[in-house]
Amino acid sequence: CSSTSSISRGEEKTSKKFPSLSLVLALCAACIGGTFQYGYNISIINAPTAYVHDFINQTWKERFQTDISEDVLTLLWSTIVSGYTIGGFIGASVGGVLSVKLGRKMTLLANNIFALTAALLLGLSYPAGLFELLIVGRLFTGINAGVAICVQPQYLGEIAPTSLRGAMGMGTSIFITGGILSGQVVGLKELLGREEYWPILLASTCIPAFLQLLILPWFPESPRYLLIDKGDEEGCKKALKQLHGAKCDQEWEDISQERNNLAGLTAKKPWELLRDRSVRWQLLTIVLLNAAQQLNGINAIYFYADYLFKQAGIPSDKIPYVTIGTGACECITALTCASISFVLLCLVMLLLFLFLKDASPIIPYLSMACVFAFILSFGLGPGGVTNILTTELFTQTSRSAAYIIAGSVNWFSFFFIGLVFPFIVIGLQQYCFLVFLVICFSVALYIFLVIPETKNKTFLEIQNEFNQSPNNRAASRADGVGTTLLSTSSI
């Protein structure tokens with residue numbers, strides 16, 4: 001293209017500042033039964049912990065005429081909780097495959113089968129007297145979340161115009177935090193947090209699933225999937241007009257150019273992507289960022305928030321309400337993206353907590369502020385960007401496989417930190433979060449040195465800019481596909 005056309009194209013990309021109403025509603029329809037469920041099912045399991053323990057003990061006593069041992073009870077409860085992460089790993093593994101076979105939209109709709117099945121099993125566990133249904137139900141909620149976190153960001157990234165891709169991708173983060181906050185609120189004793197309501201609380205995961213089944217069918221499939229994967233030009237044009245309005249020529253041009261560059265190529269399998277040297281740095285980037293998203297300490301905060309607040313001296317009857325503050329902090333950050341000064345606040349409060357813990361009655365509340373600041377700083381960066389970046393760094397034929405790899409790393413890291421963090425606490429005690437500081441600093445340095453800016457750039461432009469690093473140019477020359485993409489994208 002000539003420089004003049006490139007300039008006009010850049011101007012057109014930045015001209016759209018606000019999404020259409022249809023695009024916003026499509027985002028909400030995709031997220032309410034997607035990553036909202038992910039966040040919701042992370043938080044609702046905390047409120048009925050004591051009641052589920054009593055139910056397991058009661059069921060065990062009825063079967064074997066003896067109380068359950070503390071070790072077996074802990075094992076069963078850990079299995080119920082960790083079943084979510086195991087299911088998530090399974091869901092991430094199959095989500096990318098389903099998104100290629102069924103399409104992004106149809107995969108999201110079909111994914112509600114797992115949520116509805118989980119709600120049925122969880123709700124029936126108490127009246128049936130079978131705590132095993134809790135284990136299977138949590139496994140299904142994890143599968144639902146794993147598929148959603150893999151497919152929903154793809155759908156949002158592919159329906160958004162280039163200039164709004166980042167803003168649309170933030171829907172993933174906003175609805176995750178909204179789900180966490182909603183689960184914390186619904187789990188209060190004033191709502192469904194009482195003993196007689198805990199099966200209903202766990203089964204309430206069916207509500208977002210029903211909402212998505214009612215709303216999402218009114219919106220189109222991903223235009224990129226329709227044109228590049230299915231070759232449906234009319235369907236693509238119709239979807240673009242519904243999502244972006246009559247003026248969608250630029251989006252059509254970008255998708256057509258990507259289709260021309262990928263002509264003759266088919267969707268890659270994860271193992272094929274791992275062997276492709278032309279995307280080596282992109283793969284390394286998403287693996288590191290998805291691991292860091294779980295290993296930066298945020299889930300240690302969520303897993304052990306009650307313990308941390310109790311150790312800090314917060315009254316036990318106030319802890320459920322303070323815990324809601326953790327969800328509110330991340331939700332507000334996802335919506336507003338405040339200042340990096342929260343990171344400095346976190347460090348200051350941590351020092352106060354470590355060295356002045358017993359010196360003043362205000363220290364418990366300063367430590368609470370430290371936890372909130374930590375969550376706010378997470379929302380400013382990895383909480384909102386990681387899933388968007390996975391969409392942006394890969395073209396259509398590689399994207400689904402990239403999400404399988406990224407999702408698998410994410411869920412494995414999720415499971416790993418839940419398993420290992422108690423031992424880190426035992427070993428390092430009050431210095432346990434220094435491990436996360438090292439991880440955060442290392443990944444921040446990698447991001448600064450390696451990852452290019454992706455704002456207002458097409459997927460092909462991002463890929464070509466990645467290939468400008470010396471190491472990647474060598475990989476591209478060694479791989480015919482990388483060279484072909486580079487040469488055809490300049491036409």
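Just so you know, glycine gets a Cβ as well, placed from its N, Cα and C.
Look at TrEMBL and you will find 21-40 (among others) tagged as transmembrane segment. Within the chain, the transmembrane segment (21-40) has long-range Cβ neighbours (under 8 A, six or more residues past its boundaries) at 105, 108, 111-112, 115, 141, 144-145, 148-149, 151-152, 155-156, 159-160, 164, 168, 171-172, 174-183, 205, 208-209, 211-213, 215-216, 218-220, 242-245.
Annotation source TrEMBL lists domain 'Major facilitator superfamily (MFS) profile' at 27-455.
Annotated transmembrane segment per TrEMBL: 75-97 (among others), in sequence order.
Annotation comment: TrEMBL describes 109-127 (among others) as transmembrane segment.
Taken from TrEMBL, the feature transmembrane segment covers 133-151 (among others).
Taken from TrEMBL, the feature transmembrane segment covers 163-185 (among others).
Look at TrEMBL and you will find 197-219 (among others) tagged as transmembrane segment.
What TrEMBL lists as transmembrane segment is 283-304 (among others).
Annotation comment: TrEMBL describes 324-355 (among others) as transmembrane segment.
For 362-381 (among others), the entry in TrEMBL reads transmembrane segment.
Feature annotation from TrEMBL assigns transmembrane segment to 401-424 (among others).
For 431-451 (among others), the entry in TrEMBL reads transmembrane segment.
Look at TrEMBL and you will find 471-491 tagged as region 'Disordered'.
Ranked by number of Cβ pairs under 8 Å to the transmembrane segment (75-97), the listed stretches 109-127, 133-151, 163-185, 197-219, 431-451 are led by 133-151.
Among 109-127, 133-151, 431-451, 109-127 has the largest number of CB pairs under 8 A with the transmembrane segment (197-219). The average per-residue pLDDT of the prediction over the domain 'Major facilitator superfamily (MFS) profile' (27-455) is 79, rounded to a whole number.
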